[in-house]
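Copied over from TrEMBL:
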DOMAIN    65-189  domain 'Multidrug resistance protein MdtA-like barrel-sandwich hybrid'
DOMAIN    100-158  domain 'Multidrug resistance protein MdtA-like alpha-helical hairpin'
DOMAIN    199-269  domain 'CusB-like beta-barrel'
DOMAIN    277-344  domain 'YknX-like C-terminal permuted SH3-like'
SIGNAL    1-26  signal peptide
Amino acid sequence: MSQSLGFAAHCIVAASLLLAATAVPADGADQSIDGEAVRVEVAVVVAGPLNEQVTAVGTLLSDEAVTISSEIPGRLEAIHFEEGQPVKEGAPLFSLDDSVYKAQLADAEAKLKLAEQTYQRTTKLFSSKYATAQSADEASSNLAVTKAAVELARVQLEKTRIVAPFSGIIGLRHVSVGEYITAGQALVNLEAIDPVKADFRVPERFLPAIKVGQNIRLRVDAFPKETFNGQVSAIDPRIDVSGRSLLVRAKVPNAEERLRPGLFARVTVLLQIKEDALTIPEQAIVPQGDDQFVYKVQDGRAALTKVSVGMRRSGQVEILEGLKVGDEVVTAGQIKLHDGSLVSVVTSTGA
């Protein structure tokens, strides 16, 4: 009898403990259990201007660049510049020993004088019937040949003076005074760097959107806190088949000549400005497979709403379809929600 009473008492205690456990609310009272509202933060969908842009990486190039070389052989007689300094178009850079070329010009001029005299005599004799037509033709031909020889000698003499083809920064020379120079030998590089060019590639899908004259922003590691502005100047007509990309060139003013050819550049092309783009905080997006959703707050409940997204800028995402201005979307607390959950808004901000 006493054993039966003891067993009954144990059963009563166990039942009481079980009842108490089910009656006590679990931690996380924010969860939507038995109709309780989930505490969430929301943001309001707003409309405003949004820059449509594409980012890329590229390389800076000189606006003009050339390797200075000699067109004729000769011994280097003088160097007229300081390395790394600016030079003006037409400024002398190198002088070759011109003694041989002066002698060649003098020889050609002497032969020309003789040819002119011969031509004049032969012409008079031919007009008096004392010379044949063949003699007159030969004298005329010889005169033309010697005139060409004089012009060639004069041009070669001029080429002993090598000048800058355009204004720019002269590089480091590869030769010294007294060295024998061959035709075509590289002597020094000349770079025009105001403006500089920026060459970069964008995916082929941007072909319809990229236009000459569009503004760009450019950053380089050499000046990490600065942004340089420029414009698209040219677009390559050919798509790169290996990477399916489009080569674009921009020009960036460089009056202080701080930007240098060869620098790695991060480029942003401003394609267009959407004046009334709908945006929400990026954290409001709930991806499910290939689709994007948000929880829209309606009448105190969370409605799982499919959206179509566009550009993403600085923590904001553009909404193309699915929402309208003034809608409230959940930005924090989505993990506790399902479609139709009761919600309690604790913070509300504009997008």
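Counting starts with 1 at the first residue shown.
Each Cβ is built from the backbone N, Cα and C atoms, and glycine gets one as well.
If you average pLDDT over the domain 'CusB-like beta-barrel' (199-269) in this model, you get 96. For the domain 'YknX-like C-terminal permuted SH3-like' (277-344), the DSSP-based tally of helix, strand and coil residues reads 6 helix, 43 strand, 19 coil.
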